[in-house]
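Presented below is the structure to which this report refers.
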Amino acid sequence: MNIVNDIASSKIQVHNLNFYYGKFHALKNITLNIAKNKVTAFIGPSGCGKSTLLRTFNKMYELYGEQRAEGKILLDGKNILTDKQDVALLRANVGMVFQKPTPFPMSIYDNIAFGVRLFEKLSRAEMDERVQWALTKAALWSETRDKLYQSGYSLSGGQQQRLCIARGIAIRPEVLLLDEPCSALDPISTGRIEELISELKSEYTVVIVTHNMQQAARCSDHTAFMYLGELIEFSDTDTLFTTPKMKQTEDYITGRYG
């Protein structure tokens, strides 16, 4: 295992992270650096800890009981695991998109405006501009500009997922976490999301969990392979997929297990 990125180029630094579901030790001594304005992918078999690791970056685990993290996660040099961390501000700065599209039960416009209203006081014109900006960034504006006040549920599955991405970036986070964002989508919608991910890294640090190794190879700059709660190998994506250093990594990417 190698850390890949030096501190100067890192947005997130993870040091000796351990995570527990009750007494179950789910993440074991994880250390890695997530590069700024790059796409980092976490791969590995089901139950390896990749989604758990992702959710430590905005402390989503605090929504549930009997879960705790130990170690350090530095976001721009500040440890987010301390009790002093404002969780609401953290989640505004570290947005998240889940496996299944989760539009709010409201209009397309209000799906985007909802989070913005929690953190900013904008005029109607400013909010209109922000909604258009977010939908444009998510490659959805041309498809929704004439039906902004229709329900978010009226969109197709792929459009709903892009709406969730637009909602996530509308509050202008610096990091975007994607937890298997294409697993419920058809190949065409998946292709559009992958194109979007590649475009977003110019402005955001993106971390994606995926079961699809081809997707990781297409979309990411760096890839981490995890197994049974441990970080087995972390490298630039081309190197990990073509010349992995660890036999476990090679076995997984060649289909011998997982």
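The backbone N, Cα and C atoms fix where each Cβ goes, glycine too.
What Swiss-Prot records for this protein:
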BINDING   GLY44, PRO45, SER46, GLY47, CYS48, GLY49, LYS50, SER51  ATP binding site
DOMAIN    12-253  domain 'ABC transporter'
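Counting neighbouring Cβ atoms within 10 Å of each of the binding-site residues (SER46, SER51), the lowest count belongs to SER46. Note: the ATP site is recorded as GLY44, PRO45, SER46, GLY47, CYS48, GLY49, LYS50, SER51; in the same chain, THR52, MET226, TYR227 also have Cβ atoms within 8 Å of that site's Cβ centroid. For GLY44 (ATP binding site), the count of additional Cβ atoms within 10 Å of its Cβ stands at 27 [all protein chains shown].
Its Cβ taken as reference, GLY47 (ATP binding site) is surrounded by 13 other Cβ atoms within 10 Å in the chains shown. The most crowded of the binding-site residues listed here (PRO45, GLY49) is GLY49, judged by how many other CB atoms sit within 10 Å of its own CB. A sphere of 10 angstroms centred on the C-beta of LYS50 (ATP binding site) encloses 28 other C-beta atoms. All chains included, 23 other C-beta atoms sit within 10 angstroms of the C-beta of CYS48 (ATP binding site).
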